[in-house]
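Listed features, source Swiss-Prot:
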{"type": "DISULFID", "residues": "CYS152-CYS166", "note": "disulfide bond"}
{"type": "CARBOHYD", "residues": "ASN35", "note": "N-linked glycosylation site"}
{"type": "CARBOHYD", "residues": "ASN92", "note": "N-linked glycosylation site"}
{"type": "CARBOHYD", "residues": "ASN137", "note": "N-linked glycosylation site"}
{"type": "CARBOHYD", "residues": "ASN165", "note": "N-linked glycosylation site"}
{"type": "SIGNAL", "residues": "1-20", "note": "signal peptide"}
{"type": "SITE", "residues": "ILE133", "note": "site 'Key residue for a low dissociation (K(off)) from the conotoxin BuIA'"}
{"type": "SITE", "residues": "GLN141", "note": "site 'Key residue for a low dissociation (K(off)) from the conotoxin BuIA'"}
{"type": "TOPO_DOM", "residues": "21-235", "note": "topological domain 'Extracellular'"}
{"type": "TOPO_DOM", "residues": "257-264", "note": "topological domain 'Cytoplasmic'"}
{"type": "TOPO_DOM", "residues": "286-297", "note": "topological domain 'Extracellular'"}
{"type": "TOPO_DOM", "residues": "319-463", "note": "topological domain 'Cytoplasmic'"}
{"type": "TOPO_DOM", "residues": "485-495", "note": "topological domain 'Extracellular'"}
{"type": "TRANSMEM", "residues": "236-256", "note": "transmembrane segment"}
{"type": "TRANSMEM", "residues": "265-285", "note": "transmembrane segment"}
{"type": "TRANSMEM", "residues": "298-318", "note": "transmembrane segment"}
{"type": "TRANSMEM", "residues": "464-484", "note": "transmembrane segment"}
Amino acid sequence: MRGTPLLLVSLFSLLQDGDCRLANAEEKLMDDLLNKTRYNNLIRPATSSSQLISIRLELSLSQLISVNEREQIMTTSIWLKQEWTDYRLAWNSSCYEGVNILRIPAKRVWLPDIVLYNNADGTYEVSVYTNVIVRSNGSIQWLPPAIYKSACKIEVKHFPFDQQNCTLKFRSWTYDHTEIDMVLKSPTAIMDDFTPSGEWDIVALPGRRTVNPQDPSYVDVTYDFIIKRKPLFYTINLIIPCVLITSLAILVFYLPSDCGEKMTLCISVLLALTFFLLLISKIVPPTSLDIPLIGKYLLFTMVLVTFSIVTTVCVLNVHHRSPSTHTMASWVKECFLHKLPTFLFMKRPGLEVSLVRVPHPSQLHLATADTAATSALGPTSPSNLYGSSMYFVNPVPAAPKSAVSSHTAGLPRDARLRSSGRFREDLQEALEGVSFIAQHLESDDRDQSVIEDWKFVAMVVDRLFLWVFVFVCILGTMGLFLPPLFQIHAPSKDS
């Protein structure tokens with residue numbers, strides 16, 4: 001039992017001595033490798049001036065932070081892994097307590113100064129200079145994290161069902177292809193630690209090495225970020241409200257022309273669509289190369305609503321026509337009163353208009369002129385009694401037949417009627433007044449019939465424009481939105 005504490009103390013001392021020797025070995029190795037007399041971090045690690053230093057690149061995407069469509073900038077969080085060999089940093093591990101890996105501050109060793117060429121904020125290099133990992137064979141691995149803002153040309157043609165190809169172009173700032181060679185370690189970027197974006201889907205991340213045959217000193221490595229937008233946000237907040245507002249324009253053709261609100265509804269819908277168009281202009285980049293899909297749809301619907309305003313003016317003009325201002329042509333009657341209503345599933349209710357107006361029997365005695373004559377001169381046939389279409393008020397009861405038949409039997413009908421003592425001048429004036437009233441009522445009924453015909457023509461025109469509006473709206477909406485949904489966008493590449 002007494003030997004146990006001594007054993008523990010001995011083991012602890014051995015471990016501590018081992019750590020001290022290892023720390024001393026790493027410190028000695030660091031001093032030996034980075035001795036200013038044998039290592040200069042400004043000199044390219046080449047044994048001769050013609051030797052190419054091969055830089056192996058591999059990009060790891062951590063997060064697609066944002067894509068600013070209006071400023072055409074893509075912000076990404078990436079790790080750019082760089083590997084190369086520096087023969088001056090090789091050592092024999094057996095001479096340094098078996099140390100095979102050494103971590104050295106990045107600014108104390110030679111770096112290939114690879115930067116993002118197409119940056120958009122002036123920050124070309126990485127923000128954090130992490131340590132480089134150096135192995136005993138001289139291979140160096142550097143994995144600096146960086147948040148890059150790169151320029152990205154936004155294609156707005158299919159917005160919000162668009163697919164973009166944004167690139168990250170890496171190149172050495174001071175070394176050309178005669179001094180270093182940039183190669184891809186893997187054909188695509190790594191997404192092992194990728195955090196999914198709520199707005200974009202990653203379609204592909206291919207990498208490519210670009211050289212210029214006409215310029216032997218040029219070489220770069222480019223990664224294509226092929227991303228596809230998730231359209232749910234814009235569908236809910238833009239497309240569906242626009243479709244619903246456009247559908248309100250259909251109600252314009254259902255409103256009666258007498259209500260006086262057709263033009264108000266049309267202009268209100270047009271103003272709402274104009275507001276959405278201004279909202280779109282704040283999102284997409286101000287480019288004249290193409291029109292975004294949602295902008296095309298808004299312009300299309302604005303044209304339709306403007307068309308509905310024009311048709312509403314035409315319908316109201318037809319609706320308020322009268323015989324005193326317009327004469328209905330025969331082709332208008334044939335086309336809009338007989339033929340078109342059948343094709344538009346319209347049926348005009350039958351109207352039974354009578355020009356005979358009969359007061360209550362208890363107030364007036366009604367008789368025709370023939371009836372008055374018959375009352376004074378003798379009986380007549382029932383056909384003559386009801387043959388006339390004109391009625392008048394007779395305030396005096398008919399006299400008995402025997403009272404007038406003796407001295408008027410030999411006279412003509414009109415002479416007998418006028419020679420009758422009961423045919424007074426006021427009765428003649430009453431007959432003329434009643435005749436005028438009857439003619440006026442008949443003229444009013446005839447004018448009213450023409451006015452009703454114009455109103456029905458306006459209803460037919462309204463229904464015709466309704467079907468035209470519905471068909472054009474449906475076909476236009478499908479023609480605009482269906483092709484981008486099923487179209488496969490080919491990724492564009494730089495020349």
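In case you wondered, yes, glycine gets a Cβ from its N, Cα and C as well.
Sequence features annotated in Swiss-Prot and their locations in the structure.
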residue	record	DSSP (3 states)
ASN35	N-linked glycosylation site	coil
ASN92	N-linked glycosylation site	coil
ILE133	site 'Key residue for a low dissociation (K(off)) from the conotoxin BuIA'	strand
GLN141	site 'Key residue for a low dissociation (K(off)) from the conotoxin BuIA'	strand
CYS152	disulfide bond	coil
ASN165	N-linked glycosylation site	strand
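If one looks beyond the transmembrane segment (298-318) by at least 6 residues along the same chain, the residues whose Cβ comes under 8 Å of a Cβ in the stretch are 242, 245-246, 249, 252-253, 257, 262-263, 266-267, 269-270, 273-274, 276-277, 280, 291, 454, 457-458, 461-462, 465, 469, 472-473, 476, 480. In terms of Cα distance, the recorded positions that sit within 10 Å of ILE133 (site 'Key residue for a low dissociation (K(off)) from the conotoxin BuIA') are GLN141, chosen from ASN35, ASN92, GLN141, CYS152, ASN165, CYS166.
Of all the glycosylation sites listed (ASN35, ASN165), ASN165 sits in the most crowded Cβ setting, with the most other Cβ atoms within 10 Å.
Considering only the recorded positions ILE133, CYS152, the Cβ with the fewest other Cβ atoms within 10 Å is that of ILE133.
It is 47 Å from the Cα atom of ASN35 (N-linked glycosylation site) to that of ASN165 (N-linked glycosylation site). ASN137 (N-linked glycosylation site) and ASN165 (N-linked glycosylation site) have their C-alpha atoms 40 Å apart, to the nearest angstrom.
The shortest Cα-Cα distance between ASN165 (N-linked glycosylation site) and any of the recorded positions ASN92, GLN141, CYS152 is the one to CYS152. Its own atom aside, the Cβ of ASN137 (N-linked glycosylation site) has 12 Cβ atoms within 10 angstroms in the protein chains shown.
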